[in-house]
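**Student:** Below are the features I grabbed from TrEMBL:
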DOMAIN    45-217  domain 'GTP cyclohydrolase I'
BINDING   CYS114, HIS117, CYS185  Zn(2+) binding site
Amino acid sequence: MLELEEKVLSNPFATSHINDSGDEIPYPWNDNHLTDDEKIKNIEYYFEKILLTLGMDVEDDSIRKTPYRYAKMLVKELFPGLNRNNFPKITTQENKFNYRNMLLESHISIHSMCEHHFVPILGYCHIAYIPNDRVIGLSKLNRVAHYFARRPQVQERLTRQIKECLSSLLNTPDVAVVIDASHLCVKMRGVQDADCFTRTYDMGGLFEEDTYRNEFFGAIPKHSEIKL
């Protein structure tokens, strides 16, 4: 199980590890203790076998290095979120201005991979929180979203992981996350519906109340306005 990262715990203002709080978010992962280079070497070997099974000429100039390129892409670009060492370096600052209103970061571009079919999930993440005694740099909201997105995922879990991580870092339950995403496993295969997309959301603390929930949803694009 890949739990919310241990580095969240190292922050003195993080409340608890999510899997110690009674609110578990299971993830199908086991640490095999392989280095990135070892992972790339293994994936390169087996992906070449896949290409051969499909009847591809792996000696062709265009394809000869494809197994390596594919392996490196998975480990270094698409799935760095499977390595705890890649968890973003985050510090919080004292809320010196005593800002107590909603802070919203919208249209955070995210890309992930569907863990069912290993094809892309592309979309936007909208994050809001109401500061307590600590605030966080705006770019750190993006980095947390990107970190949890860059691993095989389902959208529902991704939404919760982002929200719970930020709640822990900021020491407040008052965090809201919405993700609008297009799933290529729906567009390219199966039902092959090119126009639909999926919205998920997770509301915590004050955002469970109608006043704050309505303010949040009123500040982000309507479902029908999203272009993916």
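Cβ atoms here come from the backbone N, Cα and C positions, even for glycine.
Because TrEMBL annotations are produced automatically, they should be read as predictions rather than curated entries.
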**Student:** Quick check: which same-chain residues outside CYS114, HIS117, CYS185 lie with their CB within 8 A of the centre of the Zn(2+) site CB atoms?
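**Tutor:** Output for this site, in sequence order: MET113, GLU115, HIS116, PHE118, VAL119, ILE121, HIS183, LEU184, VAL186, ARG189.
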**Student:** So, in DSSP terms, is HIS117 (Zn(2+) binding site) helix, strand, or coil?
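**Tutor:** Once the DSSP labels are grouped into three classes, HIS117 (Zn(2+) binding site) ends up as coil.
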**Student:** List the residues of the same chain that sit at least 6 positions away from CYS185 (Zn(2+) binding site) in sequence and have their Cβ under 8 Å from its Cβ, in sequence order, or write 'none'.
**Tutor:** CYS114, HIS116, HIS117, VAL119
**Student:** Where's the emptiest Cβ shell within 10 Å among the binding-site residues CYS114, HIS117?
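**Tutor:** Lowest Cβ count within 10 Å among the binding-site residues (CYS114, HIS117) is HIS117.
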